[in-house]
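Quick notes on the structure that follows.
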Amino acid sequence: MDAASIGWLALPLAILGGAIRVSTPFIFVSIGELITEKSGRINLGLEGTLMLGAMAGYAISYLSGSPWLGVLSAGLAGMAFGLLHGLLCSVKRVNDTAIGISLIVLGTGLAFFLGKPLIEPKAPPLPSIALGFWSSVPQVRAALDVNALFFVGIALAFAVYVFLNRTGWGLMLRTVGDSEDAARALGFPVLRVRIVATMAGGFLAGIGGSFLSLSYPGSWSEGLSSGQGIMAVALVIFARWRSINALGASLLFGGAGALGPALQGVGVTGYYYLFNAAPYILTLAIMVASTSRAAPFADAPGELKLHR
Amino acid sequence: MSSISGIESVPSKPLVTASQLSVALPVLAVLLASAIFAAFVALYGQNPATVFGLIVQGGFGSSFAWQDTLSRAAPLVLVGLAVAIPAQAGLVIIGGEGALVLGGLAGAVVTLPFAGAHALPMQLLMLLAGGLIGGLWFGLAGVLRQFRGVNETISSLLLSYIGIAVFHHLTEGMLRDPASLDKPSTHPIDPSYMLPTLPGVGVHAGLAVSLLLAIAAHVVLRYTRWGFALRVVGGSARVARMIGLAVNRWIIGASVVAGGMAGIAGAIEVAAVQGTANSSLIVGYGYSGILVAFLARHQPLAIVAVALLIGGMQASASLLQRRLGLPDATMLVFQGLIFICVLVADAIAQQLRETTRR
């Protein structure tokens with residue numbers, strides 16, 4: 001069977017498969033950023049963390065032969081960067097936007113530097129689950145060949161929801177993010193909570209990076225990321241600081257990002273680059289439509305300094 | 001504004017003055033970053049002294065090195081200004097890359113219909129076209145902030161990605177020169193329209209343009225009512241409104257001027273270096289500009305100095321690669337370390353100033 005025999009169905013199938021693949025790193029970075037922002041800090045540097053995670057994951061998977069060990073190391077590398085961000089931003093009067101940008105520079109620099117010897121070798125990729133086993137149509141099988149990390153990501157979104165809204169630690173995190181004074185009055189360790197939240201964010205962003213190098217696109221190169229780490233900040237605003245929304249937003253972004261390659265797959269190539277920009281255009285459009293001048297960030301944690 | 005918590009004792013007579021500190025701390029920060037970087041390259045099996053020697057040699061050690069450094073510094077000054085000018089009004093606009101590539105594209109195509117014209121008007125037209133498109137792109141971020149409350153940092157980043165996509169779409173589609181096979185480019189501009197080399201320096205005239213714009217920005221921001229008004233708007237929009245400043249106009253105006261700087265940088269790269277608009281324009285100048293502006297604390301003249309330093313560091317990367325086999329990214333690591341150390345030193349200096357003032 002070929003593409004022609006299932007007709008126009010090939011396009012939505014390609015978009016579905018693409019959405020699942022493209023959205024996975026978005027799920028991890030956006031939920032990571034969400035946890036950090038809930039503590040009242042913004043980490044603009046997740047792009048660097050993502051690249052570092054992608055490199056570390058690929059390197060460890062190649063050296064050890066175990067992709068899951070790679071995922072874990074990617075998370076740990078990201079966590080180390082989160083710790084760095086958390087400590088640096090604990091210095092009073094430090095500009096957290098600028099620290100974020102400097103960590104993008106340092107993270108990509110380290111990833112490119114240490115990853116130079118990794119461009120040639122082939123690391124064992126993450127396995128995927130063939131949910132399309134029931135079908136004999138290759139497009140259906142391709143679309144439903146889903147990486148296990150995708151399901152981890154979905155579970156993560158719900159777990160974070162429960163953590164934030166149903167646990168004492170979640171309450172502490174939200175209090176620290178909403179009002180530093182209230183948190184201090186309650187005796188919460190504000191700085192420690194923020195540092196741990198940034199580390200957790202870095203851990204997840206690192207895992208998101210390892211998906212890029214170990215599953216899709218599935219190799220290490222310097223052009224691996226197309227700004228997923230930077231987009232995380234926009235995604236969290238779009239998701240209004242809710243983890244389930246962040247999951248939905250990531251899927252939507254994934255779908256928008258899959259549009260270009262899917263159309264190219266069925267022979268529409270004219271607007272390839274513009275369709276690749278679809279996630280960015282979509283985010284901007286939604287931000288324009290959903291914010292208002294009077295209350296730009298009504299749902300934002302109170303300590304978050306998005307407007308200076 | 002000020003908080004009084006956390007200050008137990010105020011030294012009656014400080015050992016050093018605040019102004020001495022504000023010079024000493026960044027220097028210490030760069031030294032610290034250099035020490036960390038030295039440890040990093042030593043860990044990688046290289047002699048730090050050799051590496052630093054090559055950085056100085058590759059960036060500033062010969063007239064050829066200086067030419068490379070200066071021609072890299074020219075766009076860095078402009079993209080630095082593109083961050084620093086809106087920063088006066090309290091804006092953090094960091095999407096210079098998109099404005100730069102679109103400005104370059106505009107510069108590359110605007111003279112194509114005019115063959116055999118005089119060079120100077122054509123050169124001015126290229127810079128003007130680049131500046132206009134860049135200004136329009138950043139202006140959008142300003143408008144969205146003032147009228148829709150969309151955070152300008154995020155919107156400018158999104159616009160940057162969109163701008164790069166538009167650039168690819170046009171250079172690989174409608175505006176592509178069919179003769180450019182392996183590297184999609186626009187039709188080359190008339191060679192006589194290329195920006196001349198500055199006599200005696202050996203660097204293209206774009207360097208002079210960017211220096212003039214930096215001096216102009218310094219004069220306007222420091223000595224005119226415009227600079228003052230911009231700082232008032234940046235300090236507090238409410239105060240600015242109270243004294244009768246049209247805040248929207250100032251914010252959007254600053255964004256447009258800033259985008260114009262980034263657009264001119266792109267047009268200069270096309271009119272002086274590339275000769276066409278192609279993917280060589282997308283090398284991260286826009287992102288380096290953020291670094292330059294923050295290291296220079298958004299002061300136009302300091303931007304020139306920092307742009308030279310960063311330009312020199314970037315110029316030395318190829319020497320490090322040739323001699324020691326160190327990857328290009330080595331200098332990226334060094335830049336990141338310097339950036340972090342200087343930012344933290346700045347924050348500490350600011351705290352100390354506040355302590356001594358009380």
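For all residues, glycine too, the Cβ spot is worked out from N, Cα and C.
Positions annotated as transmembrane segment by TrEMBL: B:23-44, B:73-93, B:100-118, B:124-144, B:156-175, B:201-221, B:250-273, B:279-296, B:301-320, B:332-349.
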Leading stretch by Cβ pairs under 8 Å, where the reference is the transmembrane segment (B:124-144) and the options are B:23-44, B:73-93, B:250-273, B:279-296, B:301-320: B:250-273
Stretch-level contact, the transmembrane segment (B:201-221) and the transmembrane segment (B:73-93), CB cutoff 8 A, at least 3 pairs: yes
Long-range neighbours of the transmembrane segment (B:100-118), counting only residues six or more past its ends (CB under 8 A): 75, 79, 125-127, 129-134, 137, 163-164, 166-167, 170-171, 175, 186-187, 189-190, 193, 262-271, 274, 276-277, 281-282, 285-286
Whether the transmembrane segment (B:279-296) meets the transmembrane segment (B:156-175): three or more C-beta pairs under 8 angstroms: yes
Recorded stretches the transmembrane segment (B:301-320) and the transmembrane segment (B:156-175) touching, at least 3 CB pairs under 8 Å: no
Residues from the same chain, set at least six apart from the ends of the transmembrane segment (B:156-175), whose C-beta lies under 8 A from its own: 93-99, 101-102, 105, 109, 137-138, 140-141, 184-187, 277-279, 281-282, 286
Intrachain residues whose Cβ lies under 8 Å of the transmembrane segment (B:250-273), provided they are six or more past its termini: 71, 74-75, 78-79, 81-83, 85-86, 88-89, 91, 93, 96, 99-108, 123, 126-127, 129-139, 141-143, 145-146, 152, 189, 193-195, 204-206, 209-210, 213, 229-230, 233, 240, 281, 285-286, 289
